[in-house]
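TrEMBL annotations:
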| type | residues | note |
| --- | --- | --- |
| DOMAIN | 12-124 | domain 'AMP-dependent synthetase/ligase' |
| DOMAIN | 127-321 | domain 'AMP-dependent synthetase/ligase' |
| DOMAIN | 372-447 | domain 'AMP-binding enzyme C-terminal' |
């Protein structure tokens with residue numbers, strides 16, 4: 001039965017059933033059939049084993065969205081190691097922190113490498129290897145990968161998973177469908193629709209920020225012909241109903257908003273295809289793949305239209321956070337994993353999200369811990385107090401801002417705060433607006449609450465000289 005297969009077994013089964021069917025394409029370069037993909041994964045797995053990786057080891061990968069990443073991810077799974085995809089925008093300090101915490105054994109990168117990751121690896125004396133696949137090698141099983149060792153770094157999300165994270169990719173491969181990767185390894189609005197047409201794509205999935213870019217491109221430079229899509233999927237952040245309506249009008253396909261998180265091995269809820277029921281603007285759809293309940297603070301399940309915390313349980317849910325017993329204690333209560341999101345079910349069983357209990361800032365699908373940003377701000381010698389917070393943003397859903405109180409006698413300005421943050425944080429974590437003040441709003445008990453701080457300074461944004469968010 002397919003349900004009992006591992007990822008490796010699933011790929012082998014699909015390759016056996018559809019050996020000549022296209023599995024992966026790199027736009028304008030080459031196509032891989034399922035049989036060829038299976039061969040490449042097996043070959044890469046052999047090289048990983050020869051490099052000393054054992055079952056249970058953690059292997060970190062920091063790649064663009066390339067075929068090398070897909071093959072190496074599947075190869076790591078093949079040798080029963082833990083694959084940990086990492087954000088290539090991390091700083092060296094961030095790589096070093098996660099690497100040390102994860103006890104990773106190997107870092108895999110593209111031939112171009114990652115300077116920050118490799119600097120951290122060199123410091124921690126962790127093996128680094130590059131993986132490359134040329135057009136010729138795509139047709140020749142010999143020398144599939146050049147694995148070049150150096151003292152480089154590896155980084156891993158501090159999270160254990162029951163299975164892989166890449167539901168969009170793996171669901172397509174598991175169904176025997178074809179996946180196309182952009183030649184540049186990243187999204188490009190200028191080539192997106194030509195790739196969709198060339199490879200007969202029937203759907204795409206993106207975060208709201210990308211949907212907005214695609215819409216803007218359509219309005220300013222429409223394509224002569226658009227593909228006939230079965231549906232468009234949106235996930236990772238809330239999609240405004242107005243944007244959903246504009247997408248459907250522009251591209252003639254239903255937009256299905258979904259709800260997912262890494263801890264649930266991705267998908268938790270989704271609006272159905274039209275033949276299976278209505279899709280509702282403002283709702284992330286019905287639960288899929290696991291149990292879901294709305295609980296109050298005492299663990300009591302709530303009725304329809306009553307808000308509470310969205311909680312889940314099932315075989316796809318993470319077993320826990322690595323080296324973080326306090327986070328595990330907080331997240332797992334009453335027999336459920338607590339997402340930190342507030343929501344309610346309507347009478348039709350559709351989930352509506354209304355806010356978050358946890359303070360993570362969701363910038364276009366990138367989750368930012370304001371506590372981490374606080375720590376960086378407070379490490380500046382001229383900053384006495386600091387608090388980071390999220391504010392609404394049309395493009396990214398949320399942007400990160402901060403407020404600081406300078407130390408007495410300091411003349412620190414917004415430019416210096418931004419420069420310092422850029423040096424010590426990944427680019428997507430850098431506050432886009434810095435408020436310099438002599439006091440921060442507090443509760444009656446003297447505590448600083450981000451929500452109150454955000455409300456206080458949000459009122460100033462309309463009159464302050466603020467750069468356009470997302471510019």
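Going from the start of the chain as shown, residues are counted 1 onward.
Cβ atoms are placed via backbone N, Cα and C, with glycine included.
No curator has checked TrEMBL annotations; they are predicted automatically.
The model shown is predicted, which means the values in this text are computed figures rather than measured ones.
Within the domain 'AMP-dependent synthetase/ligase' (12-124), the DSSP-based counts of helix, strand and coil residues read 56 helix, 22 strand, 35 coil. As a summary of secondary structure, the domain 'AMP-binding enzyme C-terminal' (372-447) carries 21 helix, 25 strand, 30 coil according to DSSP. Averaged over the domain 'AMP-dependent synthetase/ligase' (127-321), the predicted model reaches a pLDDT of 81.
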